[in-house]
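As structure tokens, the structure follows; a few thoughts come after it.
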């Protein structure tokens, strides 16, 4: 692999030394991850074989852009299927650069749609099915999750891992390259500021409510501890193996605390869930009519079920299972829902073809024999073709037989055997295996989309000469948080503001602890047990300070109001975020800067 990575401080070698091509690097030397604006290296950098920073391409004449991008090792994008930098500076002529930016921005929005649909309708349901299959109690499952309609205690229940998957995958992908590590820190901290101010404040504006005192204090304290640990890691400029494991251990301790608190609460109540408070309705009313885990119009309500059971042909089952649009719902929905659905349908169709979903809430567990047999071919093929951007799938065994052909052959044989030994009406006993296959396939989809997302954000940063940190705290944080925003505000409008408010704090604890801990842990090797973090930009400290200050504000003001949260509290949080955003952008454009000593 060629040399790459931002140049660190004097005497520190970059990741290029580890990967080869950048000179030898002593064992035990920390891997530097540059979190700020790339600083143009000084001196005779080219003589050291490192090349100029890719961020400097716009400083050259437009006729030299393509040659600069192709010859500079720092402009090479790791992973991904498309080279966005070459596309912007080589495929499009300089005068059409705005067109390239428009296309990239459109594709960026579509990548967020892919992440959201995959996590919501395929990753989360399979995770739920695995939890049910392993006979995990709801309390244990609650520890892995963020949001549930069935627990009025707090919003920290079921599927945090699923809801946080796009954030965590994006962070892990960003941490994998020193040049994009700033995206991870910016996104983790930026999403934290956004969710705890804009989303939490919006809930208070939509529906004033009384917050659950103990869950709120527990979640805010854990989150403040996580932010403090990250602040200290940035201050010392490195994260060790023990500290990375400490992040994951703190999340495990948080899980244990949630389970213990839930058990104590239910024990005090005697049995079952606690009775609803006077300010909460007993049953949720879903005004949005959420779609089922799989957008499958073949699943009808009771009024549409035939009176007498009839045997459907395999072709009809396959056709119905691959229909991602419910025409009855289409007719009832407003125009903006239909427009958004038009963009989602191609994604849902491809996902239905490649990702099986097991639904424990259905009598047939969502068993579709012809489609599930097809999944035995398409899901493994998807995994090998998306792993390392297809490098493993295209590898030829003994230089003759490609891996993808072997996977196709084995998958086809398994599909034929299962099709001949099962029936359309009853799922086989081993149907739960499809949940694990669907979990893996959807994770590979999320990882592939997150890789493209990080690469395109880095390209936009080079085009507009923006730091990774500001891109992370704006575009990446907003994109990953938009689903939480809509779901939490919808829940608040339906009369469940307490759950939505708790989800604001419970979900992002998972993102910061697992995102930073796992992201750095995966970059360590047996000879490199330290990852060096280099917050060269003032913006990183402003971001960390803003998140800490917002948490302290809520920690003090919410109990001071006796946990009665109204519109004044919500307005203060939103104004705080706008002020933070102004300071961050002014810092990015060097209007605000530290005096040079």
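Quick reminder: no glycine exception, Cβ is built from N, Cα and C everywhere.
Note that the structure is predicted; figures quoted are calculated from it, not measured.
For 105-259 (among others), the entry in TrEMBL reads domain 'Sodium/calcium exchanger membrane region'.
The domain 'Sodium/calcium exchanger membrane region' annotation in TrEMBL covers 435-585 (among others).
Annotation comment: TrEMBL describes 275-300 as region 'Disordered'.
Sequence-distant neighbours of the transmembrane segment (96-119) (same chain, 6+ residues past either end, Cβ-Cβ under 8 Å): 84, 87-88, 162-163, 165-166, 343-344, 347-348, 351, 355, 442, 445-446, 449-450, 452-453, 456-457, 459-460, 463, 475, 479-480, 482-483. Taken from TrEMBL, the feature transmembrane segment covers 96-119 (among others).
If you look up TrEMBL, you'll see 140-161 (among others) marked as transmembrane segment.
Residues of the same chain lying 6 or more positions beyond the ends of the transmembrane segment (181-208) and with a Cβ under 8 Å from any Cβ of it are 33-36, 167, 170-172, 174-175, 223, 227, 230, 234, 454, 457-458, 467-474, 476-478, 480-481, 484-485, 488-489, 492-493, 495, 497, 500-501, 504-505, 507-508, 511-512, 515-516, 519, 533, 535, 537, 540, 543-544, 546-547, 550-551, 554, 564-567, 569-574, 576-577, 580. Taken from TrEMBL, the feature transmembrane segment applies to 181-208 (among others).
Residues 30, 35, 185, 188-189, 192, 196, 246-247, 250, 254, 257, 505, 508-509, 512-513, 516, 530-535, 540-541, 544, 547-548, 551-552, 554-555 of the same chain, all 6+ positions outside the transmembrane segment (220-238), place their C-beta atoms under 8 angstroms from a C-beta of that stretch. Positions annotated as transmembrane segment by TrEMBL: 220-238 (among others).
Among the features that TrEMBL reports, transmembrane segment is placed at 244-264 (among others).
For 335-358 (among others), the entry in TrEMBL reads transmembrane segment. Counting same-chain residues at least six beyond the ends of the transmembrane segment (335-358), those with a Cβ under 8 angstroms from any Cβ of the stretch are 110, 113-114, 117-118, 121-122, 125-126, 129, 293-296, 321-322, 324-325, 365-366, 371-372, 374-375, 378-379, 382, 431-432, 434-435, 437-438, 441-442, 445.
Per TrEMBL, the feature transmembrane segment maps to 399-420 (among others).
Here TrEMBL flags 432-450 (among others) as transmembrane segment. Within the chain, the transmembrane segment (432-450) has long-range Cβ neighbours (under 8 A, six or more residues past its boundaries) at 81, 111, 114-115, 118-119, 122-123, 125-127, 129-130, 133, 165-166, 169-170, 172-173, 351, 354-358, 372, 375-376, 379-380, 382-383, 386-387, 389.
The transmembrane segment annotation in TrEMBL covers 499-518 (among others).
TrEMBL lists 538-556 (among others) with the feature transmembrane segment. Sequence-remote contacts of a segment are chain residues at least 6 beyond its ends whose Cβ falls under 8 Å from one of its Cβ atoms, and for the transmembrane segment (538-556) they are 35-37, 182, 185-186, 189-190, 192-193, 196-197, 200, 217, 220-221, 223-224, 227-228, 230-231, 234, 467, 469-470, 473, 572-573, 576-577, 580, 583-584, 587-588, 592-594.
Annotation comment: TrEMBL describes 568-587 (among others) as transmembrane segment.
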Query raised in the report: Which sequence positions outside the transmembrane segment (568-587), separated from its termini by at least 6 residues, show Cβ-Cβ distances below 8 Å to it?
Result: 193-194, 196-198, 200-205, 470, 473-474, 537-539, 542-543, 546, 550, 553-554, 557-558, 561, 593
